[in-house]
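See below for the structure under consideration.
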């Protein structure tokens, strides 16, 4: 029969074209069957190599034989285009006959191989040498293709679809690449029950991100591998569908559907041996959808309904509602299995099960207290994620930090190396100097360099020794991990043999050997850890400064460090220096805030309660309403608090409530609702706290805001939480909420001038508050703090504080100043106004001190290093220097 080139599939055409290119470049006059076989074997992503491997052909050996045979073919330079040889023509016709006998519409690559094996040529001789016949090829073809026929030019892309577009979880379980699944027994049992149904045997796992939906599918694969499943599921495979691979490269309409159909066909042809797992099930709805074509969900529906396809889906609650529930026909084919978030106790159990894997991977020891801390701290401080995922991430990152210290230079060595480089730079510049001072300095630098080099050498030696021990323990842990997996494999084999009525003696014999080796390795690990512990205790004795450079175990302190890095909340154990700072917090605040003892004490007590762990975990650290006249230190106390807590006064969320005078402006705090402009941007308050959960929140000038704004704050003050416009819950439990107001300031001023008592003032202020704010708002505030008008003595102290700021600015110009008591008294007297507080002082200092000094500096009146004396002679300020 005549052979038609247009009846070749795309891949087969590529093979023939490549064979022609090989023949032409080698100077062969004809395209030989050897060229075609060589092109087929070397084709990337082709069907030839898997086909030959199926019948146990040594493909590398075949390639080397082909190379040597091709070199023997006659060749000459200057040859034109190579033509098809008579033997290749016969082979092509035989391949067309093979396709026709199998009812295929196109000649695919495997038909070319059959044609080569059926006709008399050198390619057949090579295949025969390796024990390959045309019948072997046909048998392997039927195994790879299944019931599929070649009906289009891209048929090869649909072969072995499950291997190309799926990940065999059961195979991963067998090779020990899946983490153990702890707990979740009820959910796995429910999944098995649904899978065992006759029809609609398709469970869908629904739960929040990170609760372990995919882990349940992996747990099922592990149970199948271990034989811990009902008889109906024994020997089955769980294959995870890779939607990315399925969609990638599907250029033309219908490509995606063709691939999916081939996957479904292979699952059906397996006679129930394959359970399909579709992670992110919502991606299937609409996948491949285009005008006039069916999406993946519509291809799945008939198979799901008939029970011909067993499928496990996994998706989140939101995605299930948005995508699956909308399609009622798809929804009814799936049986929901809800996967809830585990509690802290269950999370600790999960972490204990995963602990050996992470110890083996990172080469560090993880203490049990670290696992408990990871579960507790992640539950309390990481509000926008779910257990156990966030707790596992904490353990992983803390362990990776310690593992990284082995690879990178420890901090003491790094610090010494940098210091040594600085000294070498100074030394190079002093080498040629002859001045006595320079010579002395050079000798001093040389001595310091020698000392630093000696210390560096000692530290490097210690680091290498410690690192060597760590590497040894890590390799032992990895061997333990492998042996434990081997033990599980042998156990599963023994159970399988017992079920078949065979003797499992061989398996039990090897299990005893593995168990013995495991005991040896565990003893080595215990001995190494005991040695490390005793070494650590010896090194930490008083007076011995040599400490470990590399930490070998993850403790709760390392977990707390990671939480602090993620959230900014200081949950690490307090050092003695921090304890001392907190105990004298009032003194530190009074360095900036003059007077106002009641306010300073209230704020300090709240912070101490929080850091000592006695704070209610469901409320903010503290919520205060600061009342008093303008300029008495309300905002300044907030800045001082931020500086004490974060070493940065700008580390606070400051919101001017005068911007929220209209009723609708409340949406700016929490974000616009859906459908309004700005919905995606989030709220001014909620976004600030999401980014910095540990903060001082200052709501300035509260009485200027619309009363409806206070309603938003009720949940913040009572429950420490607020839901923004996008439905996300923002955690305020690690914030200090301070509201300032001038309500009652006239009353405070009047009572102070009249010499009234504290009780009279508080009662008058409370009456003014009740008239302005809602009772439910006032009732949720921890403390209402009254700021008293400043006295003359306090004003004098504020003058000194503000002059200290001026002193630091003058120091940049190489100048300093001394100021007399007369000058300070004059500034305090001129700048004191009970109605305006301390703010006029800045204007007086600016006018009377800064302006004359600025003019003098511009005129070069004072040489660098001059100390300027500032006095007041009764009429004006006098500057001399």
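For all residues, glycine too, the Cβ spot is worked out from N, Cα and C.
According to Swiss-Prot, the features are:
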- 207, 208, 209, 210, 211, 212, 213, 214: ATP 1 binding site (BINDING)
- 628, 629, 630, 631, 632, 633, 634, 635: ATP 2 binding site (BINDING)
- 392-530: coiled coil (COILED)
- 5-147: domain 'Clp R' (DOMAIN)
- 160-341: region 'NBD1' (REGION)
- 578-789: region 'NBD2' (REGION)
State the three-class DSSP label for residue 630 (ATP 2 binding site), counting H, G and I as helix, E and B as strand, and everything else as coil.
coil
Counting across all protein chains present, how many other Cβ atoms fall within 10 Å of the Cβ of residue 212 (ATP 1 binding site)?
28
Which of the listed binding-site residues (209, 628) has the least company, meaning the fewest other Cβ atoms within 10 Å of its Cβ?
209
Tally of DSSP helical, extended and coil residues in the domain 'Clp R' (5-147)
96 helix, 6 strand, 41 coil
Nearest-integer angstrom distance between the alpha carbons (Cα) of residue 633 (ATP 2 binding site) and residue 209 (ATP 1 binding site)
46
Could you measure between residue 635 (ATP 2 binding site) and residue 212 (ATP 1 binding site) for me? Cα positions, answer in whole angstrom.
47
Express the distance between the Cα positions of residue 207 (ATP 1 binding site) and residue 629 (ATP 2 binding site) as a whole number of Å.
53
One finds that other Cβ atoms within 10 Å of the Cβ of residue 629 (ATP 2 binding site) number exactly 21
May I ask which of the binding-site residues 628, 630, 632, 634 is closest to residue 208 (ATP 1 binding site) if we compare their C-alpha atoms?
634
What DSSP gives for residue 213 (ATP 1 binding site), in three states, is helix
Candidates 628, 629, 631, 632, 634 (binding-site residues) - the one closest to residue 214 (ATP 1 binding site) by CA:
634
List, in sequence order, the residues of the same chain other than 628, 629, 630, 631, 632, 633, 634, 635 whose Cβ lies within 8 Å of the centroid of the Cβ atoms of the recorded ATP 2 site.
626, 636, 740, 787, 837, 838
If I take the alpha carbons of residue 631 (ATP 2 binding site) and residue 209 (ATP 1 binding site), what is the distance between them in whole Å?
50
Would you count the other C-beta atoms found within 10 angstroms of the C-beta of residue 211 (ATP 1 binding site) for me?
23
Excluding 207, 208, 209, 210, 211, 212, 213, 214 themselves, which residues in that chain have a Cβ inside 8 Å of the centre of the Cβ atoms defining the ATP 1 site?
215, 316, 339, 341, 386, 389
Note: in the chain of residue 630 (ATP 2 binding site), residues six or more apart in sequence with C-beta under 8 angstroms of its C-beta are 742, 745, 836, 837, 839
Of 207, 210, 631, 633 (the binding-site residues), the residue whose Cβ has the fewest other Cβ atoms within 10 Å:
210
